[in-house]
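Okay, structure first, notes after.
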Amino acid sequence: MDFPSRFEVIVIGGGHAGTEAALASARMGVKTLLLTHNVETLGQMSCNPAIGGIGKSHLVKEIDALGGAMAMATDKGGIQFRVLNSRKGPAVRATRAQADRVLYKAAIREILENQPNLWIFQQACDDLIVEQDQVRGVVTQMGLRILADSVVLTTGTFLGGLIHIGMQNYSGGRAGDPPSIALAQRLRELPLRVGRLKTGTPPRIDGRSVDFSVMTEQPGDTPILVMSFLGSKEQHPAQVSCWITHTNARTHEIIASNLDRSPMYSGVIEGIGPRYCPSIEDKIHRFADKESHQVFIEPEGLTTHELYPNGISTSLPFDVQLQIVRSIRGMENAHIVRPGYAIEYDYFDPRDLKYSLETKVIGGLFFAGQINGTTGYEEAGAQGLLAGTNAALRAQGRDSWCPRRDEAYIGVLVDDLITLGTQEPYRMFTSRAEYRLILREDNADLRLTEKGRELGLVDDARWAAFCTKRESIELEEQRLKSTWVRPGTQQGDAISAHFGTPLTHEYNLLNLLTRPEIDYNSLIALTGQGCADPLVAEQVEIKTKYAGYIDRQQEEIARLRASEDTRLPEDIDYTGISGLSKEIQSKLGITRPETLGQASRIPGVTPAAISLLMIHLKKRGAGRQLEQSA
């Protein structure tokens, strides 16, 4: 039977990608259905209880700048906040928050249930309705047909999910949840390239059985940070510490002597695991010369004793897991509440996607999250927001949108995926972005909120706060530029004493702020009243001190913009372009790049080949002009 309502967008899956996709679509005024196998697991943190980190917090801030939920939920559920790379420059600084799983999930659900234009329905999706290479809707587990203009798949690890603990395995989407088998089989019938990946999680420990006195305490930063541009410290629950301990020679001996019982090393697991979040058995095997590895003991929440031992993800048998845990200092008497496990799942080659995250072969079908080969809540949320936005734009008859590599880490993420593909779970790092001085986490709103407002993603409250902040930055820059300090005055003497050399002539405060010897707060302390908003002061200082570097990056971006944005026709025949090698013809034909810039980033496509493409496009354009004039 048919569902009572027809929707413009259906989102399948209620994880981090699915919630952001559904919220984005609904915020844009589009009638949206979020289909989940279990309403109680909406926004669930399936792995580590943390949001942010190097490269990842940049994505979280960008999601927030575009009106998304992840950062706001983190502020409501965050039980510890820290800045990583705090001694390095602003481009690579990152915010990381430990989150209470229950509070985070509750915050996400509250946002979902109060979002206009969004309906939630508990049913697994078993089939897609596809007609003439266009998606028309979905079929649920109980046979309901629900029609829609666009469908966003955010299936996480559920497609053909297989859980491994030692040599035993069973079907599952994650521990305690069933897999999606029927949908996985249906997707394999489509002309899309499919593979298998693997991820894992450590055993959870009862904190009452742990001796923290022999571990190193790791408190949060003070003053306490916030994740959202609209967040406040008052939203945070109680703050707690994490703890650090280490594996040792005994731990490594236990693992090495049991590798034959590991599904990874016995050939049972075929999927490739995440390079930057390896299992403990992988660490011991790959880094055999290391005497120990750090283990971060992270609280799962304020109302539970469960701990997450970050650093010992494993799929070894339970008896070996128990030996490993109890060999670690402070956990000699530890009780395991939940065993660790590995999970294999289907993913689809992201090179079969457009920049909008719509599949190239099925119109209106969008993929986001782990189905595209990524790992991490933040990467999933960023893709979900983009896919949901573009599904809504399609329903509205508007052009799709994706930020460029020089505009957002979201743009870097998508460009990497659809141009290069991935054979292992993809994780974001600041090192992946060539314009990271411009793409800082602190200026995500200045980069994206105006575009979010144009798309319909940003509400009135966020827009008003953003406009106030932007105006305050401009006013403070103007004030500093128009305020002068002269030699021999009280302010001039104070500045001279700070620098250790006398001022030789008058300077405005903006000139003085460019000097490395002084920061904004010191300058204001010496010269009088400044800006009360620390976020405004931070922007003024960074823009002033790094102005030369930022200008050079902007000039480089402008030079490359013309070729970057040159569109390649969808029907272009690369085999007919004289001078292109068969290898390059094949690579271009497989990837089907959308722009000249994307083509230039395909491995093996040379600058000479790009020149040939430019010549071909000019000839093609001239030829069509002649046809039209005739």
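Keep in mind that glycine also has a Cβ here, set from the backbone N, Cα and C atoms.
The FAD binding site annotation in Swiss-Prot covers G13, G14, G15, H16, A17, G18 and rests on sequence analysis. The DSSP secondary structure for G14 (FAD binding site) is coil. Same-chain residues at least 6 positions away in sequence with a Cβ under 8 Å from that of G14 (FAD binding site) are, in sequence order, A22, L34, T36, N38, V39, T41, L42, G43, I120.
The feature NAD(+) binding site is assigned by Swiss-Prot to 273-287, with sequence analysis given as support. Residue density at E281 (NAD(+) binding site): 27 other Cβ atoms are found within 10 A of its Cβ, drawing on all protein chains shown.
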Problem - Reduced DSSP assignment, C277 (NAD(+) binding site) - result: coil
Completion exercise
Checking the binding-site residues R275, K283 for other Cβ atoms within 10 Å of each Cβ, the smallest tally belongs to R275
Exercise for the section: Other Cβ atoms within 10 Å is the metric here; tell me which of the binding-site residues A17, C277 scores highest. Expected result: A17
Completion exercise
Checking the binding-site residues G13, H16, G18 against E281 (NAD(+) binding site) with a 10 Å Cα-Cα cut-off, in sequence order, leaves none
Handout entry: Residues flanking the FAD site, with Cβ no more than 8 Å from the Cβ centroid of G13, G14, G15, H16, A17, G18 and excluding those residues themselves
Key = V11, T19, E20, A21, G43, T154, G156, G369, A380, G384
Exercise for the section: Kindly assign F287 (NAD(+) binding site) to one of the three DSSP-derived states: helix, strand or coil. Expected result: coil
Completion exercise
H16 (FAD binding site) has its Cβ surrounded, within 10 angstroms, by a count of other Cβ atoms equal to 32
